[in-house]
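Database features (Swiss-Prot):
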type	residues	note
BINDING	N7, R18, G188, G209, H210	3-amino-2-oxopropyl phosphate binding site
BINDING	D9, H10, R45, H50, T100	1-deoxy-D-xylulose 5-phosphate binding site
ACT_SITE	H43	active site, proton acceptor
ACT_SITE	E70	active site, proton acceptor
SITE	E151	site 'Transition state stabilizer'
ACT_SITE	H187	active site, proton donor
Amino acid sequence: MAGLAVNVDHVATLRQARGVDYPDPVAAAVLVELAGADGVVVHLREDRRHIQDRDVRIIRQIVQSKLILEMAATPEMIGIALEVRPHQATLVPEKREEVTTEGGLDVVMHKDSVADAIKTLQAGGIKVSLFVDPDLNQIKAAHKAGADVVELHTGDFCESRSPKAMAAIQEAARLARKVGMEVHAGHGIDFRSIQDFVGVKEIQEFSIGHSIVSRAVFIGLDAAVKEMMALARQV
């Protein structure tokens, strides 16, 4: 039975499209929690394309479950995290030209800087997750760097729905749990593809945003969150 953390970035995307102050992702965070979600996720990107600094600060003050801050491992973002103190920081790679995060963090390549970021955040009382591709070398590197959690990038599977991509996720999840890390999963998961994860018991929590916000346009945020939460609980 997996948990569900809901990403409200795309509520902010809609707001920023018109440069107005609505819809407010802060209000969305409240509704997400009232619907029963296990946490709220926001990605404060360096270019501030959707979530803004004030969103992070206000959501941190009002959230009753947990706030997960997705962020690049830059001095600026680490400083903000230490000030805001989210319940969890998820380190992700970032490219300004990408529409959304395109791949996992290369912990093997950047092991020293990632380990330093993890140490700094943990010293501030923040649990640290690394968003990584389902690759065994990345899992081993994440563990060696000191991560508390790995969030497995599920984008390849959600695009292809291939048995090979699912097998990679299962293998990575098993290894991560074996070495003592929590296992989360996210990216590209919708109301159909989440059902393919039934039986992957190593996954403890899903991080999902776009598909929930998209469904909410038609049936409302409360109903969309509850529908996805029911599916996550079956995993």
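Yeah, the Cβs are placed from backbone N, Cα and C, and that goes for glycine too.
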Which state, by DSSP, holds H43 (active site, proton acceptor): helix, strand or coil?
strand
For H210 (3-amino-2-oxopropyl phosphate binding site), just give me the three-state DSSP call.
helix
For the recorded positions H43, R45, work out the Cβ neighbour count at 10 Å and name the residue with the minimum.
R45
Counting across all protein chains shown, how many other Cβ atoms sit within 10 Å of the Cβ of G209 (3-amino-2-oxopropyl phosphate binding site)?
24
Taking only same-chain residues 6+ apart in sequence, whose CB is under 8 Å from that of D9 (1-deoxy-D-xylulose 5-phosphate binding site), what do you get?
P25, V41, V42, H43, H50, I51, G209
Rounded to a whole number, how many Å is the Cα of R18 (3-amino-2-oxopropyl phosphate binding site) away from the Cα of H10 (1-deoxy-D-xylulose 5-phosphate binding site)?
13
How many neighbouring Cβ atoms, not counting its own, are there within 10 Å of the Cβ of H50 (1-deoxy-D-xylulose 5-phosphate binding site)?
21
Inter-residue Cα distance where the pair is E151 (site 'Transition state stabilizer') and G188 (3-amino-2-oxopropyl phosphate binding site), in Å:
13
